[in-house]
Structures are given as structure tokens and as C-alpha cells.
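Participant: Got these off TrEMBL a minute ago, pasting:
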type: TRANSMEM; residues: 7-29; note: transmembrane segment
type: TRANSMEM; residues: 35-55; note: transmembrane segment
type: TRANSMEM; residues: 67-86; note: transmembrane segment
type: TRANSMEM; residues: 98-117; note: transmembrane segment
type: TRANSMEM; residues: 124-143; note: transmembrane segment
type: TRANSMEM; residues: 163-185; note: transmembrane segment
type: TRANSMEM; residues: 192-214; note: transmembrane segment
type: TRANSMEM; residues: 234-253; note: transmembrane segment
Amino acid sequence: MSFSPTVWRAGLGFAALGVAFLGALLVLADLAAGWALIGLGLPLSGVLALAGDALGRNFTGVLAARFAGLLAVTRPWMWFVALYVALKIPVPLWPDGFPVLGLASTGALFVAALLFVWERENAWKAGVMALVAFVLGLGVEVLGSRTGIPFGLYSYATAPGPLLLGVPLIVPLGWFALTLTATSLSGGRPWLAGLLMLLWDVGLEPLMTAQRYWLWSDPLPLWAGAPVQNFLGWWGVGWLISWVFTGLAPRLFGLRREEWAWALPWQSRDFPLHRGPSLSLLPGRAARGADFRVVYPIEAFFLPGGLVLVGRYAEAGVTLAAMLGGLWLARRVTRFDRP
């Protein structure tokens with residue numbers, strides 16, 4: 001079986017990150033050899049992600065050329081995505097710093113999402129989309145933690161600060177960035193974006209309850225203390241925010257502006273006359289180079305890793321399977337979408 005150069009680069013890059021992650025686990029077990037694996041895996045992951053498909057040939061020349069090309073095309077939002085990733089790396093070495101690193105990482109991702117929409121659309125749309133997602137996300141969390149609607153019975157009583165109206169600031173910040181990447185992956189289909197958000201929450205629930213960001217007291221728990229209602233609520237809120245996004249910036253997700261009526265999403269598809277399979281590694285429409293879809297597979301790597309660090313091995317496996325399944329489904333659904 002032969003793999004594309006993109007698959008080689010991505011696979012080898014993530015494998016090198018896995019070496020660094022193993023090193024972090026060894027450091028936590030008081031084994032000094034772990035530092036060597038971290039020092040090897042982190043830089044190697046970047047090198048292989050750039051030129052892993054050129055091993056055995058003019059590797060250094062290919063690496064230098066691609067690095068120069070990368071610097072030439074790197075946009076401001078990409079630097080904040082890189083910062084978001086970099087801030088996740090020290091978590092295994094500083095477990096008590098999870099609240100600080102988690103907030104900083106999510107904040108960097110929020111800024112990346114804002115700059116991405118600003119670049120592809122304009123500042124006004126970027127600000128409105130960020131505000132809508134933040135306010136809706138905060139609103140449902142305030143309502144949910146006080147009434148049990150729409151997620152079920154839970155509390156933020158043990159959550160680390162900073163808090164906004166009793167809700168950890170990291171939560172509404174995350175709604176904007178993650179819904180944006182889910183909507184991009186879904187090709188502008190709110191129902192699928194909501195499902196991708198639901199699958200992300202499969203890992204979020206056991207991790208954040210382990211970190212005591214929230215505590216469940218629902219009488220009908222299904223997963224990590226959360227009831228079925230929680231996951232239906234995640235799908236619904238994700239669907240709603242994605243629906244607003246596609247109405248405000250349809251062209252960002254490959255939709256035809258003139259056919260969007262806000263109440264008729266099934267009429268908004270922009271299918272090509274001659275359909276053909278998508279050649280992109282990620283699902284959704286890849287317009288004008290790299291886009292925000294890349295965030296979801298990054299989360300699919302780090303979220304199970306975080307669960308391993310807190311001893312939730314079964315939950316880590318389920319989360320990885322769920323998020324990879326979401327990526328597979330999105331690719332199947334969007335395979336005939338025009339780039």
C-alpha cells in the first residue's frame with residue numbers, strides 16, 4: 001500500500017510527537033531518560049512534518065526549501081495555532097499548571113480563529129462571529145449550570161479561575177474556535193458540525209471532570225457522569241452556532257450566498273456540475289491554502305493524550321476512536337464538495 005506525501009509527513013510528525021509524549025510519561029515516573037526523548041521528539045516532529053516524505057533523498061535540501069517556503073506563506077493566524085500547540089506540550093511536565101496552560105492555549109486558539117476569519121472575510125464578520133459564539137456559549141453554560149438545561153445537572157463550584165458569571169473563561173473561548181473548525185470540516189453543514197462537537201466532548205467530559213472544572217450530579221449518567229441530554233445539548237448548541245456562522249460568512253465554508261435563506265440550509269449546497277473525489281487529506285473545502293480544519297486533528301491527538309496523563313486509559317481510547325470516526329464521516333460526507 002502506498003501513501004501520499006501528505007500522509008507520510010503527518011504520520012511521521014505525529015509519531016515523533018508520540019516519542020516526546022512517552023518521554024513526558026517517563027519524566028513523570030522520575031526517569032531522567034524521558035528528557036532525552038522529549039528533546040528528540042519535539043524538534044523531530046517539526047522536521048518530519050515538513051519533509052518526512054523526502055527521507056533517503058535530498059532530505060536537507062528539501063527541508064530547507066520547504067522551511068523557507070513555509071515562512072513565506074505563514075499567516076498571522078498560523079502563528080497563534082502554533083502557540084496553541086506549543087502551550088499544550090508542557091502540560092505533562094507541569095500537571096498543576098493545567099489551568100494556566102489550558103487557558104493560555106485556548107486563548108491563543110481563540111485569537112487564531114479571529115484572525116483567520118478576519119483574513120478570509122473582514123474584521124466586522126470576525127468580531128461578530130466571535131461575539132455570537134462567545135455569548136451563546138457563555139449563555140448556555142450559565143443556564144445549564146443553574147437549571148440543568150440543556151446539558152443536565154452539573155456545577156462549576158470547583159472550577160479554577162478566572163470565572164465569568166460563574167463559568168470558567170476557557171469554556172466560552174473554546175466554543176468559538178472549535179465550532180469554527182467543525183464547521184470548516186463539515187463543509188458548512190451545521191448538523192455535521194454539531195456532531196463533530198459532540199464527539200469532541202466525548203473526550204472533554206472525562207478530562208475536565210478529572211481536572212475538576214465541573215462536577216456532574218445528574219441521576220442518569222451515561223459517560224463520565226454526563227447524561228445523554230448533555231451530548232444532545234452539545235449537538236444542538238454546536239448546530240446553532242455553526243448555522244449562524246454559515247449565515248454570516250457562507251463563502252468561508254464554500255456556500256452560495258444567494259441561496260442562503262437562514263431557514264433553508266438544505267438549499268445552500270454549492271455542488272459542482274461534475275463531481276469528483278476530494279484530493280485533500282482533510283474533509284471540507286480547502287479554499288485558498290491552509291485553513292482552520294487542521295485544529296480538529298490536533299485536538300484528536302492531544303485530548304486522548306491528556307486523558308492518558310490523568311490515568312483515564314479507556315476514555316482515551318474511546319475519545320481517539322470517536323474523533324477519528326468523526327473525521328472519517330466528515331470526509332465521506334464532503335468528498336464531492338468543490339474545493
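Backbone N, Cα and C define each Cβ position, glycine as well.
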Participant: Under 8 Å for C-beta pairs, could you tell me which stretch among 35-55, 67-86, 124-143, 192-214, 234-253 has the largest tally with the transmembrane segment (163-185)?
Facilitator: 124-143
Participant: Determine which residues of the chain contact the transmembrane segment (67-86) at the Cβ level, with the cut-off under 8 Å and only residues 6 or more beyond its ends counted.
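Facilitator: 50, 105-106, 108-109, 111-116, 119, 289-290, 292, 294-295, 298, 302.
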Participant: Below 8 angstroms Cβ to Cβ, which residues of this chain, lying six or more residues outside the transmembrane segment (7-29), approach it?
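Facilitator: For the transmembrane segment (7-29), the nonlocal Cβ contacts are 35-42, 44-53, 89, 92-93, 95, 281, 297, 301, 305, 308-309.
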Participant: Who are the long-range neighbours of the transmembrane segment (124-143) in its own chain, taking Cβ under 8 Å and residues 6 or more past its ends?
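Facilitator: Here the qualifying positions are 110, 113-115, 117-118, 149-151, 156, 164-167, 171-176, 179-180, 233, 237, 240-241, 244-245, 248-249.
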Participant: Grab the same-chain neighbours of the transmembrane segment (35-55) for me: Cβ-Cβ under 8 Å, and only residues 6 or more beyond its ends, written as numbers and ranges.
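Facilitator: Long-range Cβ neighbours of the transmembrane segment (35-55): 5-6, 8-24, 26-27, 62-63, 66-67, 70, 89, 93.
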Participant: Is the transmembrane segment (98-117) packed against any residues at least 6 beyond its ends, judged by a Cβ distance under 8 Å, and which are they?
Facilitator: 75-78, 80-81, 83-84, 87-88, 90-91, 125-127, 129-130, 160-162, 169-170, 173-174, 176-177, 180-181, 211, 249, 252, 291-292, 295
